[in-house]
Amino acid sequence: MEPSPENLKVAVRVRPLLSIDRSQDTIVYFGENEEIRVSDGEHYISSTYNKIFRPEASQDEIFDFVSPALGQTIKGFNCTIFAYGQTGSGKTYTMFGADWEMNNPAAQIYYENGAQMRRKSQLESIDHPLDNPIKQGIIPKSIAMLFQNTQEKEITYYSSFLQIYNEKIYDLLQDPRRDKALNIRESKMYGIYVEGLAEFVVENAEDCFMLLAKGDRNRAVRQTRFNHHSSRSHTIFQLLLERDKANKRGVLKKGKLNFCDLAGSEKYDKENTMAHEHVQELTKINKSLSALGKVIFCLGTGNATHIPYRDSKLTRLLQDSLGVSTRTILIATVSPSAGYAEETISTLKFADRAKQVMVKIKKNEISATNDELVLKLQREIQHLKSILNLKRKGGLEELNKEIWELREENQKLKKITNTYTIEEVEKLKVENKKLRLELQHNGLANDVEMTYQDSDINSPIYDTQESNQHRRDETPNSQKMRKYSDFSPNVTGAISPSSVGHSRKAVCSQCGQFPPCEHIPGSQYKRSPPSSYYSTYRSTTNSLESRISKQHSLPKKLNIRYKMHGYAVEDNGVDEEIKEQETRQKELKQIRARLGQLAQIESFRKQKFKAELEKLEEEKRKEDEELRKRQAEEAKKRKLLNEQKKLVNTYKEAKKFQLEEENKKMQRFKQEAEMKRKKKTEEQKKMIEEYHAKKRDVMRELEEYV
């Protein structure tokens, strides 16, 4: 049966006035039947949407609007929810929750009048939004609802978190030292996906919250005039649901949830006070949002022969959501202040075009006996078994033997041509899940350890062979310390959260303490990130992770898989891992050689910034004062103009009324004159008739007399 098309659902949320907007007028008005109007004397727009949320609307009301679509995901439907609007209009507040970014007051690079300053935000709040359900946004509430509704159902969840920064895709759940942009691929089995993007197996809502905390720490933010932690990248948090059991028709269902928090649009600074990096970010953001607008326009008209999905990474990733097979919900966030009338109208026009888009919703079902599915499951199971056996046998000494065994097994799998029954496929999926959970509890080097502990960007990378040999000689105290040190699935070995500036060994094998100690001298070097991107945006503290760590046991390990070209595997293999480690060791030596120069450059920059800081702050204060004065004057002018317009309208109405009264009087006068004239004419006719009658009588008498 062909699925019936439906319109893309659109809701508009109006945020309350901020402190900087108090002196400005409100231009947003609400009507009946979900109508919203914007009018400021120069602009006017009116439209209706599926739902209008006023400034006093709660987070629960927003979630109630999207929850019906979320429930359909369990049945095999895809769902995408994304927030669109200018910067500071409440997108992250809606998607993640109240004070979400304020609870991650990481030391960031801030720009004021083009000058660069590194400092911490002072906006850290007392309670975290995840601790208070009232403050939670759509993403935390959706996660909690899904796991609550599927407690007794055999479903496997995979979670991933990415960002699109400067038209490049980065994995937010991977080690930020691996500053490598990912590519978009397309296949029949997965559709459009990101190659190399890590997908974590999650068993409960707390696991998802942990990944949210992890990704939030690596997110690109920048201070703007509207927000101390404004998101400068598009982020997509994805949940993939796969059923472990086939239904009566022998098919397996899977659903996908995409939560998109788009970067906010922002005007260019006409006074040229923006930093070069800020201008570059703004250019890329506006480009991707413009491409999204073109796609929405083409889809809304319905007669476009070509849809420009490939104009940006954002539209390419959202192609499935905007085109077919996905139930999509747009939440447009706007500001009611008169100072942002153009941005508000632009957002509403975008939302107006979006509600014209028609999508066909269909279930994601795949036959349980599909050859590609069976081969994928067998590959994953064989790989998981090899990793477990490698761990149990002692590790690297059995490496070559295991590699040859894996290759022989892969050759056998390629020769299998028989079809599989539904029961056999279900057994494969159950075995796959059990192996993942066993890996997850054993805490192997290929797994990700998410300890919620703060790992500094300058922590060193340890050699696998050295760390394995060192672990055999560890004391009980050092083993306890090491439990909290593993950090990345791609960095085998240990990274201690408190090992910044210490030697390559995590702890001393004799005393169990971090170097320097009486046995191991200290090191004067620190590991610096090889990327300018992460040196700008990488957080060094994470209040979010520390808050969650108080509620859950440590450490928490999550299993991981990667979507690679053609099929899904766990990792590139242990042989690839060793090559990668050797490459990292070479990079580490090169970085250490450059650390001295980098330290000198950083010291010079700090001195220069310190000398200019007071001057820049004074200029900023004066500019803010002038801006407030101009805003006040403009407000007075607008008020005076409105009063004059009212007087003119009143005069016009009075003049019109006077003319109408005069016209009525003239008409009455004409009617009376006409009636008098007719009456006089009738009297004259009557007199003439009487005269002629008398004349005839006289003539008759005269004739008789004669």
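Keep in mind that glycine also has a Cβ here, set from the backbone N, Cα and C atoms.
TrEMBL lists 7-357 with the feature domain 'Kinesin motor'. Here TrEMBL flags Gly85, Gln86, Thr87, Gly88, Ser89, Gly90, Lys91, Thr92 as ATP binding site. For 458-490, the entry in TrEMBL reads region 'Disordered'. As annotated by TrEMBL, compositional bias 'Polar residues' applies to 458-467. Taken from TrEMBL, the feature coiled coil applies to 599-690.
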(message) With every protein chain in view, what's the tally of Cβ atoms within 10 Å of the Cβ of Gly90 (ATP binding site), excluding that atom itself?
(response) 24
(request) Give the helix, strand or coil assignment DSSP yields for Thr87 (ATP binding site). (result) coil
(request) Quick one: give me the count of other CB atoms within 10 A of the CB of Thr92 (ATP binding site). (result) 27
(message) Can you check which residue among the binding-site residues Gln86, Thr87, Ser89 has the largest number of Cβ atoms within 10 Å of its own?
(response) Ser89
